[in-house]
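Undergrad: Copying in the features that TrEMBL gives for the protein in this structure:
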type	residues	note
DOMAIN	40-239	domain 'ABC transmembrane type-1'
TRANSMEM	20-38	transmembrane segment
TRANSMEM	44-66	transmembrane segment
TRANSMEM	78-99	transmembrane segment
TRANSMEM	119-139	transmembrane segment
TRANSMEM	151-170	transmembrane segment
TRANSMEM	217-239	transmembrane segment
Amino acid sequence: MRPIGCAMQTRRLVNRITAVGMLSMNSLLDGYGTLVLGGALQTVQLAICSLALAFAIGLLGASAKLFGSRWVANLARLYTTIVRGAPDLVLMLLLYYSIQILLNGMTERLHWTQIDIKPFAAGVIVLGLIHGAYFTETFRGAFLAIPRGQLESGTSFGMSFGHVLAHILFPQMMRFALPAIGNNWQVIVKSTALVSIIGLSDVVKAAQDAGKTTTHYFFFIGVAALVYLLITTASNVVLRHLQNRYDHGVRKVNV
């Protein structure tokens with residue numbers, strides 16, 4: 001019973017410390033600490049989900065450009081050309097409203113109940129589609145850095161293309177692509193500030209609302225900037241660890 005009682009006391013102590021910390025933050029931020037914290041968590045979730053979607057789109061786009069048929073490769077080139085050539089804000093508005101229009105048209109034809117896309121889902125889809133074009137070029141360049149003879153050697157041993165891609169090319173590609181992936185991640189994090197225009201309550205929207213209510217606009221925007229700085233700084237630590245992990249075997253061989 002003693003370990004159980006000790007665990008319960010520890011949990012209560014942690015809850016009290018957390019509650020005191022939240023109250024202190026709320027008082028420091030004029031009672032809007034919870035709102036800003038919720039916006040910060042929303043920003044992190046949005047960035048991670050958008051990264052996952054952009055990563056998947058980038059792999060598909062790079063594979064289409066390098067290994068697909070002519071029309072598939074041309075379609076991938078058209079996608080990357082349009083997305084990389086237009087401003088992110090314009091693309092976000094176009095994609096957000098076009099996705100909603102397509103959903104409305106589809107539900108009307110099928111006689112379904114109208115589907116209103118949630119701001120968070122819309123933000124993930126839009127950011128994923130936008131940055132998927134940049135990941136496509138990142139992965140394409142990383143694949144090209146791998147000697148083509150490795151693909152030919154794998155297929156000559158009877159391995160399928162998918163097996164060669166997953167177990168031979170992809171691990172090596174990640175080592176070349178990781179620096180650019182880190183840069184793209186930083187851009188995605190900062191691009192989340194744009195989603196406030198489509199109604200998502202991210203840290204920027206929370207800071208704007210708190211600033212308008214309290215008239216301390218500059219202070220709360222500064223808090224939002226500090227949140228982004230903390231996210232990117234923590235990301236740099238993680239990315240540096242991943243880079244060292246992928247380079248460990250290569251450095252050992254070179255020595």
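Any Cβ shown, glycine's included, is placed from N, Cα and C.
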Undergrad: Residue list, the transmembrane segment (217-239) vs rest of chain: Cβ under 8 Å, 6 or more residues beyond ends.
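TA: Contacts of the transmembrane segment (217-239) (Cβ under 8 Å, skipping residues fewer than 6 from its ends): 29, 32, 36, 39-40, 43-44, 47, 178, 181-182, 185-186, 189-190, 193, 203-204, 206-208, 210-211.
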Undergrad: If you count every Cβ pair below 8 Å, which range out of 44-66, 78-99, 151-170 shares the most with the transmembrane segment (119-139)?
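TA: Result: 44-66.
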Undergrad: Could you give the residue numbers and ranges of same-chain residues that sit at least 6 residues beyond the transmembrane segment (44-66) on either side and whose C-beta is under 8 angstroms from one of its C-beta atoms?
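TA: Distant contacts of the transmembrane segment (44-66): 72-73, 75-77, 79-80, 120, 123-125, 127-140, 143-144, 165, 181, 184-185, 188-189, 192, 195, 200, 202, 231.
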